[in-house]
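**Student:** Before I ask anything, let me first share the structure, which is written out below as structure tokens.
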Amino acid sequence: MAKVLVLYYSMYGHIETMADAVAEGARSVPGTEVTIKRVAETIPADQAAAHGVKLDQKAPVATPDELANYDAIIFGTPTRFGNMAGQMRTFLDQTGGLWMKGALVGKIGSVFASTGTQHGGQETTITSFHSTLLHQGMVIVGVPYSCAGLVNMTEITGGTPYGATTLAGADGSRQPSQNELDIARFQGKHVASLALKIAG
């Protein structure tokens, strides 16, 4: 049995939708147990409501220490200037105790992301996220080109070999496309399959 955690932060719901697709893909692998959780919102509730932040997300809030309970963790974040969102950074900055114990060494780490525009930092968001995972000793997994959606040239679409991505649009009105969700499902299935092999 391999335990997979899909851990995300989503301000307007795009990454939440992608997280559900990632989890769906992971659950398609027999012998895996998949959990979806999110990191806490750090924006004060009144300001979050005033700016249209999606506060009704069903996933429970994770605590840093519980990351050690999983064989693979698939992280999802929107971009902030080519990096992960501050809410995710705040969460990961609380994992020093796990680092001291080597609690995440050898576990799979994978990342998916969203950006406002086609060239808004999808790849840098994921690759900069990898630095934290490498410091924790995690095994990085992306999306191989055996995923057909990565070479889709018929539409504007997210999706990178580093991880699944979606384009939200500058005003957040664009929702994840079928191709982007298919890549997210592929990533979840790919990570879960590898986690099962590692867990033995």
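Using the three backbone atoms N, Cα and C, a Cβ is placed for every residue, glycine included.
Okay, these came from Swiss-Prot:
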- 10-15, 79-81, 114-120, His135: FMN binding site (BINDING)
- Tyr12: NAD(+) binding site (BINDING)
- Trp99: substrate binding site (BINDING)
- 4-191: domain 'Flavodoxin-like' (DOMAIN)
**Student:** Per DSSP, to which secondary structure element type does Trp99 (substrate binding site) belong, with helix, strand and coil as the options?
**Tutor:** helix
**Student:** Between the binding-site residues Ser10, Thr79, Ser114, Thr117, whose Cβ has more other Cβ atoms within 10 Å than any of the rest?
**Tutor:** Ser114
**Student:** Measuring Cα to Cα, how far is Thr117 (FMN binding site) from the residue listed as 'NAD(+) binding site' in Å?
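**Tutor:** That separation, Cα to Cα, works out to 15 Å.
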**Student:** Check the domain 'Flavodoxin-like' (4-191) for me and report the mean pLDDT.
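**Tutor:** Per the prediction, mean pLDDT sits at 97 for the domain 'Flavodoxin-like' (4-191).
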**Student:** Tell me, how many other CB atoms lie within 10 A of the CB of the residue listed as 'NAD(+) binding site', whichever protein chain they belong to?
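**Tutor:** Step by step: centre on the Cβ of the residue listed as 'NAD(+) binding site', count other Cβ atoms within 10 Å, giving 18.
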**Student:** Between Trp99 (substrate binding site) and Thr79 (FMN binding site), what C-alpha distance do you get in Å?
**Tutor:** 24
